[in-house]
Amino acid sequence: MRCVVLFMVSCLLIVLLINHFEEVEAQKWKECNLRDIFPGKCEHDANAKLRCKEDIAKNFRPSRPFECDCQTFDQGRICYCKKCLV
C-alpha cells in the first residue's frame with residue numbers, strides 16, 4: 001500500500017514538473033520582427049540565414065532571434081527575424 005501511494009505521488013510530481021516547464025518554454029518565445037541592413041549579399045542557403053541571425057543578435061541584445069531570413073538589395077542585405085527568445 002505504501003509503495004502504491006509513493007508511486008502515485010511520484011507520478012503526480014512528474015506531471016506537474018513537465019507541465020510547468022512547458023508553460024515556461026511557451027512564454028519565452030515572442031514575436032519580435034527585428035530588421036536591419038548589413039553589408040554584403042545574401043547567398044541562398046542556410047548560411048545566409050545563420051549569418052543574419054548572428055548579425056541581428058549582435059545589434060539587438062539581449063534578444064536572441066529565431067526564424068531569420070535575408071534579402072539582397074542595391075546597398076547590401078536586409079535581415080529580418082520573426083521570433084525572439086527574450
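Each Cβ is built from the backbone N, Cα and C atoms, and glycine gets one as well.
A disulfide bond in Swiss-Prot ties CYS70 to one cysteine from CYS42, CYS81, CYS84, and that cysteine is CYS42. Candidates considered were CYS81, CYS84; Swiss-Prot assigns the disulfide partner of CYS32 as CYS84. The disulfide bond recorded by Swiss-Prot for CYS81 joins it to CYS68 [selected from CYS52, CYS68]. Counted over every protein chain shown, other Cβ atoms within 10 Å are most numerous around CYS79 among the disulfide-bonded residues CYS32, CYS79. The Cβ of CYS68 (disulfide bond) lies under 8 Å from the Cβ of LYS49, LEU50, CYS52, LYS53, ILE56, CYS79, TYR80, CYS81, LYS82, each on the same chain and at least six residues away in sequence.
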